[in-house]
Amino acid sequence: MAEERKDNIILIGMPGAGKSTLGIVLAKILNYDFIDADLVIQNQCDKTLQKLIDACGPEGFIEVENQILKDIEATKSIIATGGSAVYSEDAMNHLSSIGRVVYLQISFEELVNRLHDLQERGVVLKGGIGMSLRDLYDERKPLYEQYANITVNVDHLSITAAARKVADALK
Ligand SMILES: Nc1ncnc2c1ncn2[C@@H]1O[C@H](COP(=O)(O)OP(=O)(O)O)[C@@H](O)[C@H]1O
Ligand SMILES: O=C(O)C1=C[C@@H](OP(=O)(O)O)[C@@H](O)[C@H](O)C1
Ligand SMILES: [Mg+2]
């Protein structure tokens, strides 16, 4: 089997870190394609993410996300994952095999600033709807750290400044 190319850039991080918005700016800076994994999921399931989460529950959604992400094929693309992708080991192993994984890191305070309404944004709360943002942050932080090849802190940066910082970190 031909060796897989590793020329993609995979963005991981908390919901609201800027993976989707920064990703497209980064794609323009680097002359890459852009794929938002959330849109691939919506498209394949023909449902909005929130409807999918409501219909399947957190564990069911994670399974759907895993099945779809582990088969994503791309070259020279920025792939913005959903914040819950790191719960899926197969998906993350596959994504790591086709690209460099960049963790867009934000502090807990920044997460609070950016995410006012968790449910409206469609966030997977494994611990149920009683789960606090603090619980979510603490549960996920080690997972993002585990899969990151490169970590870029984007607190207090505009989307463009953050995209430039990521581009520099990739040099
Ligand atoms: N660097 C930033 N500074 C300020 N707001 C940001 C920044 N990055 C993203 N946002 C805002 O946060 C929200 C979530 O961004 P989004 O790209 O959807 O994040 P993600 O895909 O990581 O969940 C959007 O309203 C976006 O405008
Ligand atoms: O963090 C999460 O649990 C989720 C984040 C969403 O994507 P963003 O990280 O792009 O907001 C989306 O994948 C899904 O609804 C679950
Ligand atoms: Mg997104």
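Placed from the backbone N, Cα and C atoms, the Cβ positions cover glycine too.
Here is what TrEMBL records for this protein:
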BINDING   G16, A17, G18, K19, S20, T21, R121  ATP binding site
BINDING   S20  Mg(2+) binding site
BINDING   D38, G83, R140  substrate binding site
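Sequence features, as recorded in TrEMBL, placed on the structure.
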residue : record                 : Cβ contacts under 8 Å, 6 or more apart
G16     : ATP binding site       : I106, L111, R114, L115, R121
A17     : ATP binding site       : G83, L104, Q105, I106, L111, R114, V154
G18     : ATP binding site       : L104, V154, I159, A162
K19     : ATP binding site       : L11, I12, G13, A80, T81, G83, L104
S20     : ATP binding site       : D36, D38, A80
T21     : ATP binding site       : I159
R140    : substrate binding site : M14, G83, V86
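Within the set of binding-site residues S20, T21, D38, G83, S20, D38, G83 have a CB atom less than 6 Å from some atom of ligand 2. Close to ligand 1, meaning a Cβ under 6 Å from one of its atoms, are these of the binding-site residues G16, A17, T21, D38, R140: G16, A17, T21. Per the record's binding annotation for ATP, residues G16, A17, G18, K19, S20, T21, R121 show a top Cα-Cα distance of 14 Å. Mapped onto three states, the DSSP output places G83 (substrate binding site) in coil. In the three-state DSSP assignment, the secondary structure recorded for T21 (ATP binding site) is helix. Secondary structure at R140 (substrate binding site), taken from DSSP and collapsed to helix, strand or coil, is helix. Fewest other C-beta atoms within 10 angstroms, among the binding-site residues D38, G83, R121, are seen around R121. Once the Cα atoms of D38, G83, R140, the listed binders of substrate, are compared pairwise, the greatest separation found is 18 Å. K19, S20 are the binding-site residues among K19, S20, R121 whose C-beta comes within less than 6 Å of an atom of ligand 3, given in sequence order.
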